[in-house]
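Peer 1: Would you mind keeping the following structure in view while I ask a few things?
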Amino acid sequence: MVKLFPPKSKKRIELGYIWTFVLIAVFTVLLTITGFLLQPNDFHTIAANVLKHPSLFILNGFPVFAGILFFYFVFNNVFFSFALVSTVFHALSLINRFKIIFRDDPFVPQDVFLGAEAANIMSDTKMKLDITLISVVLIFSLVMLVLGVFIKFKKIKVPVKIAGCVAIVGIAILSNTFVYSSRQIYDRMPSKSKANVAAVFNDIGFNYCFLYNMSAYKMEVPEKYSKAAAEKLVEKYTKTKAAPKVKANVIIVMNEAFSDISLDKAFKFSPEDDPLKNFKAIDKEKNAVSGHLVVPNFGGGTANTEFDVMTGMQTVNLNTVPTSSFRLIHRNIKSIAGILGGDSYKKYFMHPGDSWFYNRANVYSFLGVENQTFIDKFNKPEDLKGSLISDKAAGEKIISLYEENTDSGKNPVFNYNVTIQNHMPYTASKYGGLKVKEVPTDKQLSSQAKTLLSNYFEGVRDEDKLLKTLTDYFRTRQEPVILVFFGDHKPSLGDSYLAYKEAGIDINESGTIEQAMKSREVPFIIWANDSAGNSLDFASSARNLGLPEDNIISANYLGAIVLQLMGYNGYDPYFDFLNELRKELPVITRYNFKTKNGYTDKLTQIQKSMVQDLKIWQYYRMTSDKAE
C-alpha cells in the first residue's frame, strides 16, 4: 500500500520552556508594533505617545500576549498560536485601517454586532482593499504554521493546560472590568481631540481603543444621577398644557448628506445651476425659518441624527465612546411622535432602505411609530437612480402616504422621512453612466475629486428639487402643514477629506472647536403653508424662538422648536426644558459648546449645572421614564 503521508520525523526540533516564553514575548512585541504600523496615521505620532506614556504599549500589548499564551496552552505550540492570533489581530487592524481611511470612522465592537449593516456599507462604498497588506498577513501566518509543523514544544500536562486557560480568561475578565473599561484611564491617554474618535484610535492604539469601546452598548451613568434627582427636574419644568390653536400636520424630511458646501468660494455655480436655488428662494418666504444643525457625526451616522431629532436627546452624551444610539433602545422611549400621538395624531415613518438597517423597524416602534414604509414598497427599477431609490420617487411616496393618511380628515399626521439617493460613494459608477454636470471651480482638482464633487452635487440638486416638489404640493392643501427639511450629516468625499482639501474647504474634526463643529454642520429649514402660517401666526412665532444670531443649534433642539412653533407648550417638560437650554447653550457637544459669546470648552457654573441636568434627564428617559 502506498502511504500518502510520510511517518513523523523523530528529528523534530523541541524547544523548552525558556525558549517558549522568549518567543511569546518577542511575538507579543512584534504583533503590537505591527498593529501600530497598520494604523492609517504617521507612525511617529503613536511612537511619541508611547515613549511619553509607556503604559500605552502595555495596554495595547496585553491582549496580544493573553491571546498567544491562551492558544499556546490549547495547541502546545507557540507558532500555531501565533499564526491564529496574528491573523485575527492583523485582520481587525486592517479593517480598522480601511474603515478610517474610507469613512473616517474606526472599527468598534458594535460593528461586529451590526454584521449585515457593516457588510452592506463595505459593498456600497466599494472599498478598494490593499491586497499587498492582506497577502503579507496571510503569508506570514502560513510561515508560522509551517514552522509549527517542524518545531515542537515541551509537552504541557492537561491539568496545567486547563488551569492556564482558566487563569487567562479570569485575568482577561478582570482587566476588562477594571482597566479597559475605565474612563479615568482613557481620559489620561494623550490625544489631540477626544471628540474625534478616529483620531483617538490613531493616537493611542487600536487594540486598547477597541477594548475600551466594549462598553459602547451600555449608557454611561451621569455624575450625581439618581432617579429622585431626575424626577425633581420633571416636577420643576412641568407646567399647565397650552392647547395649540390648530393641529398642524407635520412632515419631516431628513436628507442623505444634504449640505450647503456649494456655498464655498471654491465653487462658481451660476444661478441656474446652483444646487440650492430652491432652498434659497423658499428661505426668503415669510413663513420660513432656517439655520444650521450641529449633528452627531461627519460622513455617516444617519440614525444618530434621527435619534437626536426624534427624542431631543444627544447621541454624543450617551457614552464617552462612539455608539449607534438606535442600538441602545430596547424599550418605549418618549419622542415628538409620542407627544403628538397622545394628541390624536396618526404617525408613520418612511425610508427607502431596508427595515433591518440600524434596526429601524424595531426602534421606530419603540419611539411610538407603528406604521412604517421601507424599500419593499417601492418599484424597481423605475424608482431607482443609480442603485438607490431616487429622491423623486421618495417625494412621490411622501405625497401618496400623506394623501392616504389624510383622506378621512379626522386626524392630523406626523410623518418622519429619511431619503437615501445621495448616499456615498460618489464615484463614477454612482449613477450608472448617467452624465452629470461638472463642478464649476477655479481650483486645480484631480479627476477623482472632480468626480466625487460632481456626483455629490447631482444628489444635492435632486434634494433641492424634492424641497420644491413638497412645498409646491403643500401650498395647494387647505389644511395646515409644517414641513421640516434638513441634512443628516456632511458628505464623506474621498480618503482623508480628499475633495475637501483639494477644493480648499476647511474641514478638520481635530482642529479648533469651531472647525470641529463646522465639520458637522448641516442646513435646515422649517416652512409652513399659508393655512399653518396664518392660523399659527408662524412668522411671529419664529421670531420669538430666541434662536442665536447665526441660527446654529444642536440637532436635538430641532424637535422642541417644531413643538414650540406648533403651540405645544406644557405637553412634555423635557422638551420645554430644551427650549430654555437652547437660549443659554445653542450648541452642546461632548466636550465643547457654543454660547451667545462664541465657541468654548469652558462653562459658567450655571451652564455646567444645566448640562448636568440634561445628562441626568436623558439617562432617566432612556432607562426609567415611562412612555405610553
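Placement of Cβ uses the backbone N, Cα and C atoms for every residue, glycine included.
Any TrEMBL annotation is an automated prediction that lacks curation.
Dumping what TrEMBL says about this protein:
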- 249-568: domain 'Sulfatase N-terminal' (DOMAIN)
- 16-37: transmembrane segment (TRANSMEM)
- 57-75: transmembrane segment (TRANSMEM)
- 131-151: transmembrane segment (TRANSMEM)
- 158-180: transmembrane segment (TRANSMEM)
Peer 1: Which range out of 16-37, 57-75, 131-151 gives the transmembrane segment (158-180) the most CB pairs under 8 Å?
Peer 2: 57-75
Peer 1: Using a Cβ cut-off of under 8 Å, list the residues of the same chain at least 6 residues beyond the transmembrane segment (16-37) that approach it.
Peer 2: 43, 46-47, 50, 57, 60-61, 64-65, 68-69, 72, 78, 82, 85-86, 89-90, 93, 153-154, 205-207
Peer 1: List, by number or range, the same-chain residues at least 6 past the transmembrane segment (131-151) whose CB is under 8 A from its CB atoms?
Peer 2: 12-15, 38, 75, 77-80, 82-84, 86-87, 90-91, 94
